[in-house]
Amino acid sequence: MYHLLCVKIILTILFLKICHKNVFSLHPINRTEKLISYTIPEKRGLKKAFGYDEDTYLNFTELTTKYNYPSEEHTVTTEDGYILTIFRILAKCNAPSRHYPVLLMHGVLDSSDGWIIAGSEIGIGFVLARNCYDVWAANHRGNSYSRKHVRFDANIDPEYWDYTFDEHGNYDLPATVDYVLQNTGKAKINFVGHSQGTTNFYVMNSLKPQYNEMINLSIHLAPVAWLKNTESIISIIAAQGSGLIKQFLSDIGIREFLGKNHIIHVAFEALCQLVPDEICGTMLALTVGYVQGTINPKRISVVFGHVLNGVSIKNADHFGQLIRSGKFQRYDEGISGNLKRYGRQHPANYNLSLVTAPVVLVSAKSDWLSSVKDVKILCSKLPNLLENYEIPLAYWSHHNHLWDDNIKEYLFPKMFEYLNKYN
């Protein structure tokens, strides 16, 4: 154990020397750009040699293969030209599945990996497949699985990054739903979303209400719509200047933040192998209210090989606007931009009275991002709310829904209660 710790310390020192050589010798403006967006090619051999848990760097299909779950990789092109990757985990049962398929939609800075990196026992994607569900794990535009476009290059063209969760809900999610229905021959899907994945659902069903008819049941973990009462320290601070931050970063050529294998991601990935709860647990605590020690530290070290999967600067600004305004509204482009895009001076609120699909909310007392007060506002706006189930553990927070060992006792029974009822 001591030898392994020493090796990990050496790895961290080597990483910092690389940072110094490649970043801090630059002009200050270039240094800022490099620090935020510099990409380090992945070296799996080094990670293996330095004792990384292999689940840290295995991709979706490699993880499903490791845990003996057959999977497929699919692509779909959105109406506005983004090419998205969808992964399918085939139902693991003796007879053909008679259930509606389940579509999983991840949160911000995450990907389809988030549904399986907790392992075969509690990874939600695996658990659903083991219970005879045909599982489809989506990836919205901009993350490491969905960086292609019919015209734009994500690494070169700033136009690629001109989107927020509005486009996730207006284009990405509808295209994914259509694809799943077409390829399964089913009339409806079950939907499970986490964090921004639920935001995408509200956007889709309010802007394109015909999709409500395609939803058999939806389960929303850590739902995010209103953010007027958020307690996330970092989010509140960043929101106050999100417009200025967006402008500054755009001026120096940065449109994406915290991308996978960007220097910041690689730093956290390395540090989380060394001291997972102290470094990465603290980061989660400052952003979403995570109570340190409640998720297995080894699992946190795996998680940070997959999260920090990229967010457009414009999307981050959109969330900042929600915090400042206290509204759940479309992106504010400024008066002239709003007139051009929406035909009005100010952006419209999303009309959740149009979200008529059945909804089960799953919330938590210690979730700083999806606060209890904001979830109550959401409850008052949804016309077909089946239940707001609050996890009965005081420490439970935003990501415990995905990676806490206790989801077997406190989340899965509620999920399958409704999945079985609406089967």
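Here the Cβ of each residue, glycine as well, is placed from N, Cα and C on the backbone.
Lifted from TrEMBL, the feature list:
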SIGNAL    1-25  signal peptide
DOMAIN    61-118  domain 'Partial AB-hydrolase lipase'
ACT_SITE  Ser195  active site, nucleophile
ACT_SITE  Asp367  active site, charge relay system
ACT_SITE  His398  active site, charge relay system
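A map of TrEMBL features onto the structure.
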residue	record	Cβ neighbours (10 Å)
Ser195	active site, nucleophile	27
Asp367	active site, charge relay system	30
His398	active site, charge relay system	25
Within the domain 'Partial AB-hydrolase lipase' (61-118), residues counted as helix, strand or coil by DSSP: 10 helix, 19 strand, 29 coil
Length of the line joining the Cα atoms of His398 (active site, charge relay system) and Asp367 (active site, charge relay system), in Å: 5
Euclidean distance between Cα atoms of Ser195 (active site, nucleophile) and Asp367 (active site, charge relay system), Å: 11
Conformational class of Asp367 (active site, charge relay system) under the three-state DSSP mapping: coil
